[in-house]
Amino acid sequence: MAVHISAATGAATTYNGRVTTFVVISCVMAGMGGVIFGYDIGISGGVTSMESFLEKFFPDVYAKMRGDSAVSNYCKFNSQLLTTFTSSLYVAGLFATFIASWVTRRFGRRRTMLAGGFAFMAGAALGGAAADIYMVIFGRVLLGIGVGLANQSVPLYLSEMAPPQYRGAFNNGFQFSIGIGALIANIINYGTANIKGGWGWRVSLALAAVPALLLTLGTFFLPETPNSLIQQGGDVHDAKQLLQKIRGTTDVDQELEDLVAASNASRIVRRPLRTIVRRNYRPQLVMAIAIPFFQQVTGINAIAFYQPVLFRTIGLGQNASLISAVVGGAVGISSTLISMIVVDRLGRRRLFLIGGIQMLISQVIIAGILATQLGDHGGVSRGYAYLVLLLICVYVAGFGWSWGPLGWLVPSEIFPLEIRSAGQSITVAVSFIFTFIIAQTFLAMLCHMKSGIFFFFAGWLVIMTMFIHMLLPETRNIPMEQMGRVWREHPFWRRIVVDEGEESKMDG
């Protein structure tokens, strides 16, 4: 039962409902959208450390890695073509995001997930069969289109299907699914790296089609969310029956009333991307830009993409580097599971702050070890290498219960329905832009900044932790259609957010 604050009277009422088997199964199937994203993150980092893959597509990098003593440890993997392989997916995902807002608004969350699954399967097939670098990169472009559509639709689907009092746990399931995908990819990379004949990377790339197939097939059996059904002009009676089914109760009148009111308001908004810049939506717009930006400059994707490469940099072999990535993936899943359990009890802000401080401390210590122990040539001692692995696990755990899942949860739950698709589109677009920038520049930054790159990310962690402390209100247990009140009550944002009538006067 979730608390509801009447927009008209301010009186407290309640939404009825419970976690039903139907909604759990629906959200598990939708969560495959996170698995395909995580699988790609894990696979791209693993295959770029495989010698057979490098020898075929990146011979210059392979030669430097195999024994060019004139090249610094930090620069052996510095190749714009290699980073293009990783980052091309995110350029494609960014362009897909530009249309994904309209698709999810016009055709619904379910059909958008379906289209994403088809695109990802095509990309996986092309990558596995690649004969040259152009086929590999074009395959990743198709993967990016699939990821862009899935990242737009899945978090919205999860937030709208979940009961408000458990919305954090359900939405954090998206990050949990990303972690599962990454862990599966790391295990597969470890298993395929030693296939005789040097074609193991083909298996790694092609198996991305499996979670995409599960998402595609599962989506055929998923219902649309009640919010989206009403927004698309569906029959209110049908929406009520669906709401009763997913909430496990016939008493859904209060929630249905709010959904209809929100849908009526959304129909007035013809151009949501223009509407979202209005004064009353300023707090949500800031969060839609700042949170995904900060999520990327934690440095997590630099670690996720290039963790095996990083461990090869400090002197571990191919197999040790890949198994280290498996360990990191397991830690990430475990910490995200903890977040799912506690996020609706401890709240979003507290987890953001705890995770930010934890990541900051581990980044600083890693930077210190590399600055003092790793020169341009040779490696670090095995003891220091495993200490770095331990610290990366601490860092990944901090991300796993804070900026990882909450970076998707908070933006997906704070927007009113009339601009929800536009807001999620901005969130995903910003995420892709800075994921691309980090993926494209990390190896060059590692080469030029050396250990200082970890101090760079640590500095951003200080800034983002202060941002959360000062500007993010707590959103747990607040129904999505009543989220506006948290901004009107916040010490900073209440000076910006005004009543609708007053805003109309300002606009006039």
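Even glycines carry a Cβ here, placed using N, Cα and C.
The annotation domain 'Major facilitator superfamily (MFS) profile' is assigned in TrEMBL to 26-476. According to TrEMBL, the feature transmembrane segment maps to 21-39, 81-100, 112-131, 199-222, 285-309, 321-343, 350-371, 383-404, 425-446, 452-472.
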Taking pairs 6 or more apart in sequence, does the count of Cβ pairs under 8 Å between the transmembrane segment (425-446) and the transmembrane segment (81-100) hit 3 or more?
yes
Please give the sequence-distant neighbours of the transmembrane segment (383-404): residues at least 6 beyond its ends with Cβ less than 8 Å from one of its Cβ atoms.
175, 178-179, 294-295, 298, 300, 303, 307, 311, 314-316, 324, 327-328, 331-336, 338-339, 342, 351-359, 361-363, 365-366, 369-370, 373, 464
Could you give the residue numbers and ranges of same-chain residues that sit at least 6 residues beyond the transmembrane segment (112-131) on either side and whose C-beta is under 8 angstroms from one of its C-beta atoms?
30, 32-33, 36, 96, 100, 103-104, 138-150, 152-154, 157, 202-203, 205-209, 212-213, 215-216, 219-220, 222
So which of 21-39, 321-343, 350-371 is most in touch with the transmembrane segment (199-222), counting Cβ pairs under 8 Å?
21-39
Is the transmembrane segment (350-371) packed against any residues at least 6 beyond its ends, judged by a Cβ distance under 8 Å, and which are they?
298-299, 314, 339, 342-343, 380, 384, 387-388, 391-392, 394-395, 397-403, 406, 450-455, 457-458, 461-462, 464-465, 468-469, 472
